[in-house]
Amino acid sequence: MVGLGACTLTGVTLIFLLLPRSLESCGHIEISPPVVRLGDPVLASCTISPNCSKLDQQAKILWRLQDEPIQPGDRQHHLPDGTQESLITLPHLNYTQAFLFCLVPWEDSVQLLDQAELHAGYPPASPSNLSCLMHLTTNSLVCQWEPGPETHLPTSFILKSFRSRADCQYQGDTIPDCVAKKRQNNCSIPRKNLLLYQYMAIWVQAENMLGSSESPKLCLDPMDVVKLEPPMLQALDIGPDVVSHQPGCLWLSWKPWKPSEYMEQECELRYQPQLKGANWTLVFHLPSSKDQFELCGLHQAPVYTLQMRCIRSSLPGFWSPWSPGLQLRPTMKAPTIRLDTWCQKKQLDPGTVSVQLFWKPTPLQEDSGQIQGYLLSWSSPDHQGQDIHLCNTTQLSCIFLLPSEAQNVTLVAYNKAGTSSPTTVVFLENEGPAVTGLHAMAQDLNTIWVDWEAPSLLPQGYLIEWEMSSPSYNNSYKSWMIEPNGNITGILLKDNINPFQLYRITVAPLYPGIVGPPVNVYTFAGERAPPHAPALHLKHVGTTWAQLEWVPEAPRLGMIPLTHYTIFWADAGDHSFSVTLNISLHDFVLKHLEPASLYHVYLMATSRAGSTNSTGLTLRTLDPSDLNIFLGILCLVLLSTTCVVTWLCCKRRGKTSFWSDVPDPAHSSLSSWLPTIMTEETFQLPSFWDSSVPSITKITELEEDKKPTHWDSESSGNGSLPALVQAYVLQGDPREISNQSQPPSRTGDQVLYGQVLESPTSPGVMQYIRSDSTQPLLGGPTPSPKSYENIWFHSRPQETFVPQPPNQEDDCVFGPPFDFPLFQGLQVHGVEEQGGF
C-alpha cells in the first residue's frame with residue numbers, strides 16, 4: 001500500500017509484484033503505439049474485468065506516468081459486457097523510456113492493476129562517409145561509416161553489396177550481407193565473396209522500430225582500394241674508408257612487404273634529427289625496393305629517426321602506414337671549432353703550480369662536427385718532445401698540476417673522424433691596468449647587465465666570469481665568456497642565470513700576452529623586496545606621544561639598498577596614519593596621540609624592488625590620572641628621603657655640639673696610639689707643695705681588677721678639691737721632667753690610668769682617686785670610671801691627703817691636658833683641637 005500523494009515508481013511496482021493472482025488479472029493496459037517518436041502523443045486504455053469481485057463495480061480508474069502525479073483518465077465508461085474502460089491520451093511523450101501505470105483507489109491508498117513500458121526515439125539517419133579498404137593482411141574488404149545522430153532506440157546496421165559492371169548501373173549477383181556488431185561502425189566482406197578487378201556496389205542500411213535509411217552507394221574495384229603494408233628499413237654497414245671521406249651521411253636499404261611484392265609501388269622516406277624542435281624532412285619518389293641508399297648532407301645530430309611508407313604506383317590506392325622508426329647515427333667529421341680558453345693558477349710550492357683551465361667551443365661553420373671529448377696535453381722537455389696527457393674529458397674544465405717553469409699546454413676537441421685544430425694555451429701573467437667603475441644590475445629574472453669603465457690602456461678584449469655566491473652551491477662550475485671587442489664597456493649575461501640568486505661577477509681586461517687584474521662585483525639576479533623589515537621597539541611612551549626605535553639590518557654582499565622607511569599606525573577606530581622617513585633614521589616619535597588609547601604600529605622597509613612590513617607593535621598611551629599618581633608617589637619618595645637625610649645630619653651636628661669628638665679611652669685600643677717607650681713626665685699640682693718637693697720618680701701600669709672596687713669617696717680633704725682635681729691628683733715640680741721610662745705596653749692591650757707609688761721626699765703616702773667616667777673629659781665633674789688595682793699599691797696603708805686651693809695664676813689646675821700620658825696618643829689632629837677639652 002502506498003499513500004495517494006506519495007506513490008512512486010518503486011512503490012507501485014512492488015505492490016504490483018505482491019498482488020494476488022486474482023487481483024492481478026483484473027486490469028489490463030493497451031498502448032497504441034508502444035514506440036513513438038520522441039515528443040509525439042500516446043493513446044492508452046485500461047480495462048477492468050467484470051469478474052473481479054474484489055473491486056467495486058463503480059471504481060474510478062486512475063493513471064500515472066513514470067514519477068508524475070496521479071491523474072484521472074480522459075473518459076471512463078462501461079462496455080456492454082460489463083467491463084470498465086478508461087482512456088487517456090498523453091499529448092507529449094518526452095521520455096525515451098517510461099512506465100505507464102493503471103491504478104484504482106483502495107481504502108486510503110491506490111491499488112496497481114497493470115503497467116506498460118513506453119519507448120520513444122528517432123528513426124535512423126542515413127549513414128555517411130562510407131569508405132572501404134582492401135587489407136592484404138586479413139585478405140578482406142573492410143568498410144566503415146559514420147552512423148549519424150543518436151536514435152535512442154535499438155538500431156541495426158547492415159552492409160549490403162552486389163556485383164556490377166561499369167559504373168554500377170547494372171546489378172549483378174548479390175553478395176551476402178554483413179551485419180555490424182552492436183555499437184560498431186564497420187564490417188568486413190571476406191575474400192571469398194569478392195571478385196578482384198571487378199566493380200561492386202556497396203552501401204549501408206540502418207533500421208530501427210521507427211524506420212530505416214540507406215547510405216549513398218559506393219562503386220569500387222577492390223583492387224583500387226588496396227592498402228599496402230609499410231616496407232622494412234635496414235641500416236647498411238659501410239667500411240671505414242668510405243666513412244672518412246663522406247662525413248654527415250647515412251646508408252640504408254629497404255624491402256617491400258612480402259604479400260605486395262608483385263605490385264608496383266612508390267615510396268616516401270622521412271627523417272628527423274633527435275633534437276628539440278626539429279621537423280621531419282621528406283624524400284619523395286623512392287622505389288619499393290632498394291639494396292643501398294645514401295642520404296648525405298645531414299647535420300651533426302647525435303641520432304636520426306627514419307620512416308618509410310608506400311603506395312601502388314600509377315594506380316588508385318592508399319598509402320601504407322609509416323614503418324617503425326629506424327635510429328641511425330650519421331658519419332662524423334672532425335670538429336671545426338675555435339676554443340676560447342681561460343685559466344687560473346695557484347702556486348702550491350716553489351716547484352709545482354695548480355692550474356684550473358676553462359674552455360668554450362665556438363663553431364666556425366653551421367655544421368662544425370660533433371665533439372666527443374677534449375684532450376689536454378703538455379710537451380715536457382724531459383720526455384724528448386713526447387706529449388703528456390693531462391686531461392681527457394667531456395667537461396669544459398680541468399684541474400691539473402704542472403712544474404713552475406711550464407709556460408703553455410695544448411687543447412684539442414676530437415671525435416671518431418679526427419681532431420680539431422690544436423689550441424695553444426699560454427699562461428698569462430696578471431699585469432696591466434684593471435677596469436674601474438664595475439657595476440651590475442639585474443634586467444629581469446634571468447639576465448644581468450654588467451658595465452664598466454675602460455682602463456687607461458685599451459685592451460684587446462675582456463674576460464667576464466660569473467658564478468653563484470651561495471654556501472649551498474658548488475663553486476667548481478663557473479660560467480664565463482670572452483668579449484673580443486676591447487671597445488665594448490657593457491654586456492648582458494643570459495646563460496646560467498637563476499632568479500633571485502646572488503652572483504659574483506668578475507671582469508678582467510685582456511692585453512697582448514697578459515691579462516689585467518680581475519675586479520669583482522656582487523648582485524642579485526632579479527630584484528625582489530627585502531626579506532624582512534627591522535623590528536619595532538617601544539623606547540618611551542607618554543600621554544600623547546610614543547618614541548619608537550629599530551635596529552637596521554646589517555648590509556650584506558649584493559644586498560639591494562633600502563630607499564626609505566614608512567611607519568603606519570592606527571587607533572582602535574581604524575583611523576590610520578603614516579609617515580615616510582629617511583633611511584638614516586633609527587627612531588621616531590609619534591605625536592598627537594590620544595591619552596589612554598591603543599595603537600597598532602608597524603614599519604615598512606622599501607627598496608626599488610618592493611616593500612616588506614615588520615611585525616606589528618601594539619602600544620598604549622598613558623592615562624593622565626596614572627601620570628599624576630606616579631608623580632605624586634615620586635614626590636612623596638623624594639620628600640621622605642630629604643627628611644631622613646636632614647634628620648641624620650641634624651642628629652650628628654647635635655651630638656657634636658654637646659661634647660668633643662674624642663674616642664672613648666675605655667673602649668678603644670689606645671695602645672696603638674702610644675709609642676713603645678713612654679716618656680716619663682713630671683706632673684705638678686700648683687699650691688700643694690713647695691718648690692723643694694721632688695718629682696715623681698716612678699709610674700707603674702695598673703691592671704684591671706676582675707672584681708670592680710670603689711675608692712673611698714669620703715676620704716678627708718676631698719670635698720674641698722675641684723671635680724677635675726678629684727679625678728687626678730699629681731705631684732712634682734711642673735717644670736721638672738722625669739727621665740725614667742715606662743715599660744713598653746703590649747700591642748692591643750688597653751692603656752690603663754697610672755698611680756704614683758712613692759716619692760723619696762714625700763712625708764707620707766698619698767692616695768689617688770680614679771674617675772669612673774667613660775665619657776670624654778669635660779670641664780665639670782663626671783662619674784668615676786671603672787677602678788683598677790695595683791698589688792703593690794694596695795699593700796700600703798691608706799693616707800689622707802688634704803689638697804690646697806689651686807693657684808689662680810695657672811691656666812689649668814694640672815697643666816695642659818696633653819701632659820697626661822694617656823692623652824699623648826690623641827695628638828693626631830694637631831694642637832688646634834685642644835680647645836675641645
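Backbone N, Cα and C define each Cβ position, glycine as well.
Taken from Swiss-Prot, the feature disulfide bond covers C26-C52 (among others).
Look at Swiss-Prot and you will find C46-C102 (among others) tagged as disulfide bond, backed by similarity to another entry. Around the Cβ of C46 (disulfide bond), a 10 Å sphere holds 27 further Cβ atoms from the protein chains shown.
Here Swiss-Prot flags C132-C143 (among others) as disulfide bond. Residues within less than 8 Å, Cβ to Cβ, of C143 (disulfide bond) and separated from it by at least 6 positions along the same chain comprise L130, S131, C132, L133, L159, N186, C187, S188, I189, I202, V204, L218.
Summarising the annotation, Swiss-Prot assigns disulfide bond to C168-C219 (among others) and lists experimental evidence as the type of evidence. Non-local contacts of C168 (disulfide bond) by the CB criterion (under 8 A, 6+ apart in sequence, same chain) comprise Y199, M200, A201, K217, C219.
In the three-state DSSP classification, C187 (disulfide bond) falls within a strand. What Swiss-Prot lists as disulfide bond is C178-C187 (among others), and the listing cites experimental evidence.
C296 (disulfide bond) counts 12 other C-beta atoms within 10 Å of its own C-beta, drawing on all protein chains shown. Summarising the annotation, Swiss-Prot assigns disulfide bond to C249-C296 (among others) and lists experimental evidence as the type of evidence.
If you look up Swiss-Prot, you'll see C267-C310 (among others) marked as disulfide bond. Its own atom aside, the Cβ of C267 (disulfide bond) has 25 Cβ atoms within 10 angstroms in the protein chains shown.
The residues of the domain 'Ig-like C2-type' (26-118), classed with DSSP into helix (H, G, I), strand (E, B) and coil, number 0 helix, 53 strand, 40 coil. What Swiss-Prot lists as domain 'Ig-like C2-type' is 26-118.
Annotation source Swiss-Prot lists domain 'Fibronectin type-III 1' at 126-231. In the predicted model, the domain 'Fibronectin type-III 1' (126-231) shows an average pLDDT of 91.
Taken through DSSP, the domain 'Fibronectin type-III 2' (236-331) splits into 9 helix, 41 strand, 46 coil. Annotation source Swiss-Prot lists domain 'Fibronectin type-III 2' at 236-331, citing sequence analysis.
Counting residues per DSSP class in helix, strand and coil order gives 3 helix, 62 strand, 35 coil for the domain 'Fibronectin type-III 3' (334-433). The domain 'Fibronectin type-III 3' annotation in Swiss-Prot covers 334-433 and rests on sequence analysis.
Per Swiss-Prot, domain 'Fibronectin type-III 4' is recorded for 434-529.
According to Swiss-Prot, the feature domain 'Fibronectin type-III 5' maps to 530-624.
Taken from Swiss-Prot, the feature N-linked glycosylation site covers N51 (among others), and the record attributes it to sequence analysis.
The N-linked glycosylation site annotation in Swiss-Prot covers N94 (among others). For N94 (N-linked glycosylation site), the same-chain residues 6+ apart in sequence whose C-beta sits under 8 angstroms from its C-beta are L38, G39, A120.
The annotation N-linked glycosylation site is assigned in Swiss-Prot to N129 (among others) on the grounds of experimental evidence. All chains included, 10 other C-beta atoms sit within 10 angstroms of the C-beta of N129 (N-linked glycosylation site). According to its DSSP assignment, N129 (N-linked glycosylation site) is in a strand.
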N408 (N-linked glycosylation site) and C102 (disulfide bond), distance between Cα atoms, whole Å: 108
Pairwise CA distance, N279 (N-linked glycosylation site) versus C296 (disulfide bond), rounded so that it is a whole Å: 17
Between C296 (disulfide bond) and C52 (disulfide bond), the C-alpha gap once rounded to whole angstrom: 97
Cα-nearest neighbour of N487 (N-linked glycosylation site) within the listed recorded positions, N51, N129, C178, C267, N392: N392
C-alpha spacing of C249 (disulfide bond) relative to C267 (disulfide bond), in angstrom: 20
For the motif 'WSXWS motif' (319-323), distant same-chain residues with Cβ under 8 A (at least six beyond the ends): 227-233, 254, 257, 268, 270, 307-311
Among N487, N613, the most crowded of the glycosylation sites [Cβ within 10 Å]: N613
Inter-residue C-alpha distance, N613 (N-linked glycosylation site) and N129 (N-linked glycosylation site) (nearest angstrom): 68
Spatially closest candidate among C26, C178, C249, C310, the listed disulfide-bonded residues, to N408 (N-linked glycosylation site) (Cα to Cα): C249
